[in-house]
Amino acid sequence: MKLTCVLIIAVLFLTACQLTTGEQKDHAQRSADRNSKLTRQCTPVGGSCSRHYHCCSLYCNKNIGQCLATSYP
């Protein structure tokens, strides 16, 4: 009797694991598709900007509203 219960629980557990794994693969694909559609393009050096994160170089001179190249020592 105990062995039968253990086997039934094991089969149910394995079935549930397979079902959730299949759903995760589909969910991951949908998330990747959604993220690729939401990806924003950055502004190249010399382009207009109002925030640092708009620029590919991550440096925006807000006084002139232009993306500048960053120079590191």
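Placed from the backbone N, Cα and C atoms, the Cβ positions cover glycine too.
For CYS42, the cysteine that Swiss-Prot lists as its disulphide partner among CYS56, CYS60 is CYS56. The two recorded residues, GLN41 (pyrrolidone carboxylic acid) and CYS49 (disulfide bond), have Cα atoms 12 Å apart.
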